[in-house]
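Q: What follows is a structure written as structure tokens; I'll ask about it next.
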């Protein structure tokens, strides 16, 4: 059924676009000589590896406090288990609340500037963790780190949606997200190795973990100002024909804003009044909450089971190696079997949400809200594995399982409601009144009146009657 809806919608869009030749982006440019396969491979090579590196650093820096804890950080800073949990919690408030405005800033300031800037700020904050002398200093640095890191993940996801068709998002998001699992495995090995510097320069081993990882981030941030590319219509590593080709293929995929869009305040209201935004928030909450708990507490749980600090860090490696294998595999099945609701992993969920939002500003805001709310739950899951609950941690495991159940239920709800909405559009219940178009199903009072199909597309985005949701 979904294939029939998709086929019919593509035919519908093709017919309407043909009847409105002015809708073609830059019609004067000849793109017949562009090889699509080679072009997309060229784009993949220039974008995805560097984005994966940035996210690897993001995940590595965020979770390093869990590794440092095992090497005496709490004792050096004279903090209790409760204070340590508060330090973890403080990170998540700016991390979640700053994500929606950060995505809008990325659109205004360009990816090469914004992503590199926030990377530089959190690299400095990370480095300063290694010279913190008090609990107050640690709290302040965790706040700054959360503020700076907030823009990276939703920013990268939004950035990818500006380059790829909806059917291509799942594998690309999974490709860069898999670097997080690499970081998880690498962090244990790296922490064990860096701890051998204990006493160098008069600093403990846990401090060197922060200092060296932070300096690496600063270095990558500096290079990123020149390596990160901007949006398809202005990027310099593509020829003019290739840039036009990329924009046209996105518009053919119902991403009509690919050729450029003017910001309107009504976009904010569209996000808040769209049920998809709220269900997406629940869906992402269900998949990311357990992830935070796992990344922050795996070394601690292993340590409480009786393993020494270095052994605990090293034993966390195999779990992440397995995750690195299974994450892209699940994304592959979700993409090619159209089964994102069955495999609601983090990359699958965000790719699914992204593919069903049209309008670059609306997409950036929706992603910011959904990912921001999901990440806010890190403030909860960063407190569920308490020292007093060792070694079974029944409370923590129970809460994590509840989050997983919420994620599954929201994914199912998202699927059911999207399928129902597609059916309504096929029946003509969402048809707008278009000047000069004799459509008996059109309802101007409920669906709006427009001078042309192009006006309806531009004004309504994914709420336009010709838009079809991916299932």
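Placement of Cβ uses the backbone N, Cα and C atoms for every residue, glycine included.
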Q: Which one of these stretches, 206-228, 229-251, shows up in TrEMBL as transmembrane segment?
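A: My reading of TrEMBL: the transmembrane segment range is 206-228.
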Q: Which range is it, out of 18-41, 138-161, that shows up in TrEMBL as transmembrane segment?
A: 138-161
Q: May I ask you to indicate which of 319-343, 419-443 is given in TrEMBL as transmembrane segment?
A: 319-343
Q: In TrEMBL, which of 85-102, 301-318 is labelled transmembrane segment?
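A: Residues 85-102 are the ones TrEMBL records as transmembrane segment.
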Q: Is the count of Cβ pairs under 8 Å between the transmembrane segment (278-299) and the transmembrane segment (47-65), pairs 6 or more apart in sequence, 3 or more?
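A: Between the transmembrane segment (278-299) and the transmembrane segment (47-65), contact is present.
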Q: Going along the chain, which residues at least six beyond the ends of the transmembrane segment (173-194) come within the CB cut-off of under 8 Å?
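A: Here the qualifying positions are 48, 51-53, 55-60, 63-64, 67-68, 70-71, 156-157, 160, 205, 208-209, 212-213, 295, 298-299, 310, 313-321, 323-324, 327-328, 330-332, 345-348, 350-351, 354.
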Q: At a threshold of under 8 Å on Cβ distances, which of 114-132, 138-161, 206-228 pairs most often with the transmembrane segment (364-385)?
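A: The listed stretch sharing the most Cβ pairs with the transmembrane segment (364-385) is 138-161.
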Q: When you look at the transmembrane segment (397-417) alongside the transmembrane segment (138-161), do they share 3+ Cβ pairs under 8 Å, ignoring any pair fewer than 6 residues apart in sequence?
A: no
Q: In terms of Cβ proximity under 8 Å, which residues at least six beyond the ends of the transmembrane segment (114-132) contact it?
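A: Contacts of the transmembrane segment (114-132) (Cβ under 8 Å, skipping residues fewer than 6 from its ends): 54, 57-58, 61, 64-65, 68, 77, 102, 105-106, 138, 141, 144-145, 147-152, 155-156, 159, 203, 207-211, 213-222, 224-225, 228.
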Q: Out of 85-102, 206-228, 397-417, what stretch is closest in contact terms to the transmembrane segment (47-65), meaning most Cβ pairs under 8 angstroms?
A: 206-228
